[in-house]
Structures are given as structure tokens and as C-alpha cells.
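Below is one structure; the comments refer to it alone.
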Amino acid sequence: MPVFYGTEVASPLMLGTAQYPSPAILAAAFRASGAGIATVSLRREAGGGQDFLRLIEGLGVPILPNTAGCHSAREAITTAQMARELLGTDWIKLEVIGHTDLLSPDVFQLVEAARELTAQGFRVFPYCTEDLSVCDRLLAAGCEVLMPWGAPIGSGLGLANPHGLRALRAAFPDVPLVVDAGIGLPSHAAQAMEMGYDAVLLNTAVAKAGDPVAMARAMAGAIESGRAACAADPIEPRDMATPSTPVIGKAFLA
Amino acid sequence: MKLTINGEPRELAATTVAEALAAEGLGEARVATALNGDFVPAALRATTVLSPGDALEVVAPMQGG
């Protein structure tokens, strides 16, 4: 199972807590998924925060707070500091958003925030792109895990750049890698795991499915299959056919 | 004094972050605070003095991906 900053988690499925039809369905989806980590945000307390806190702490999985919606390193750093105090964890899913339509990372401020947060003792999980240079900078900034996007958050498009994600896996064989965002179907999650990714972080694909609990179970199954397939050393694809049935011994009937 | 708390204008007698939280009914809640964009640790709320026009943010864990 994946190990993040020395902590082994129970499943390669990391599941978000937003957009479920009800708190009860959220809890049921988590049970069905066996997710190893739950992500949460910080938002202005308007009365619902205390009940939600009890709900997520009752899920029995480690909590990974995020800095969703932050558009600058400064905002993200302050949010991380508040999250650490509230949730008692130095883990932070670092999001610094650069573009509103794509919710793509601002990789420049991301690196800056990662460096500062690491200096302050945080264990940073950066939501990043699959760009090798950016990932190099994040590792140099102190990150020990990378979370490249599959596709824009909430899009459900799957892995938009599988070649880039594969190259990233090959470039950093010893760094825990998580595909974060863009997953729409179990096959997308399986594809990431087949490539050798350590984990998948998703939310909308489960929460907005017609039956979130059934989809949570489907995602868990796909992730487990993908992980097992990677461990089983898949064949290399080839352009031309190669007969699977032996040629030798075929009767001469022409 | 005039303050902004979570984006809403307020007129409070509070002089510290801790007093402002109590006035908002959040004295006992598990929340985190930031004043004018800077984190205020819980241990410093009672001694962090407010000035007119300050913007206080009070947050809690919520749904997130």
C-alpha cells in the first residue's frame, strides 16, 4: 500500500468529501470504497463545520486538508497553517490555482508555497501538472509525493496526457505518485494504477454519480485490479499481430 | 469598532480576536482564525488586539476534494 511521508495508508484510493447528496451517503460511500485518505477543505464557519468535523473524524481514515480555491502562495500558506491547527495534521494537499476555467495549478506559486510550507514543517502533497521540470522543483522544495492532474478538476475526462504521466512515473521511480483530479470512470483509475501510480485521488466521479455508493465500490475494484495488473508485469503493446495459438502442428488442409 | 468577520460587516465591542469569536458565538467552536490574511494561532487569540477595519476570517473543516 502507498506510503506517504513514512505513513502507510490502507488503500490507494484517496476520496474527497464534497458534493455528496447527503452526509449519510458520504459515509456509506467511504465504507464501500475502503478509501485510505479523506480530503477536506477549510471554509468560513457558518454553522455546519462542527457537525462535519464529527462526521469526517468518524470515518476512521487519515484526513488530508486541502488549500482548494487559493490563488496565491500567501493564501495557501495561511490556509495550511489553519488546517494544521484545526485537524492536528502536518499533511497538506497544496493547491494554488492559476486559471479559473481549468482550475490548473499555478506552478510558480505552487513551488514557492511548497518550499515555505516544508520549512515550516508541513508534509506537502502538491496538486501539480505532469511537467518534469516542475516536479523536479517540487522535489527540491521538499515534497516527497507528487500529485499530477489527470485532467481538469471535476471534468471526468480521465488521463488527458497518459504519455506525460508515464514519463513522470519513469523519471521518478521512487517517489510516491498520485493521479489527482479528472477521473470520471473506474477504467481511468485502473489506467493510472496500471501505469504504476501509487494512488488515485478522486471525488466528483463518486459523489455526483447516480449511485455514489455503488460507484465508490466500482472505483475501489478498478484500483485494486490496476494495482494487481501493474505488479503482474503487463506485456508491451505492439503494432503487428503475433499468434497466440501455436503455429507448429497445424494440420495441412489447403 | 467596525470589523469584517467572514466577509460580513460587524460593529462589536470586542478588542481581541478571542472576544470577537465569543461575540460571534464561536468561543467554544473548533475553528481556526486569520486576521488580515495572517494566521492567528488559538493560543494567541486572547492577546491579538483588533483595530478598526480589521478583517477576521473564521474557518472550519468543510466538504472538499
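Using N, Cα and C of the backbone, Cβ positions are placed for all residues, glycine too.
The shown structure was predicted, so the numbers you read here are calculated from the model rather than taken from an experiment.
According to TrEMBL, the active site, schiff-base intermediate with DXP annotation covers A:Lys93. Counted within 10 Å of its Cβ, the other Cβ atoms near A:Lys93 (active site, schiff-base intermediate with DXP) come to 28, all protein chains included. Secondary structure at A:Lys93 (active site, schiff-base intermediate with DXP), taken from DSSP and collapsed to helix, strand or coil, is strand.
Per TrEMBL, the feature 1-deoxy-D-xylulose 5-phosphate binding site maps to A:Gly154, A:Ala181, A:Gly182, A:Asn203, A:Thr204. Classification of A:Gly154 (1-deoxy-D-xylulose 5-phosphate binding site) by DSSP places it in coil, neither helical nor stranded.
The domain 'Thiazole synthase ThiG' feature in TrEMBL is assigned to A:5-246.
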By the criterion CB under 8 A from chain B, which of the binding-site residues A:Gly182, A:Asn203, A:Thr204 would you report?
A:Asn203, A:Thr204
Which secondary structure state does DSSP assign to A:Thr204 (1-deoxy-D-xylulose 5-phosphate binding site), in the simple three-class scheme?
helix
For A:Ala181 (1-deoxy-D-xylulose 5-phosphate binding site), just count the other CB atoms lying within 10 A of its CB, please.
27
Counting every protein chain present, what is the number of Cβ atoms, excluding its own, within 10 Å of the Cβ of A:Gly154 (1-deoxy-D-xylulose 5-phosphate binding site)?
18
Near A:Asn203 (1-deoxy-D-xylulose 5-phosphate binding site), which residues of its chain come within a Cβ-Cβ distance under 8 Å, counting only those 6 or more away in sequence?
A:Leu15, A:Gly16, A:Thr17, A:Ala18, A:Gln19, A:Thr39
Most crowded position, judged by CB atoms within 10 A, among A:Gly182, A:Thr204 as binding-site residues
A:Gly182
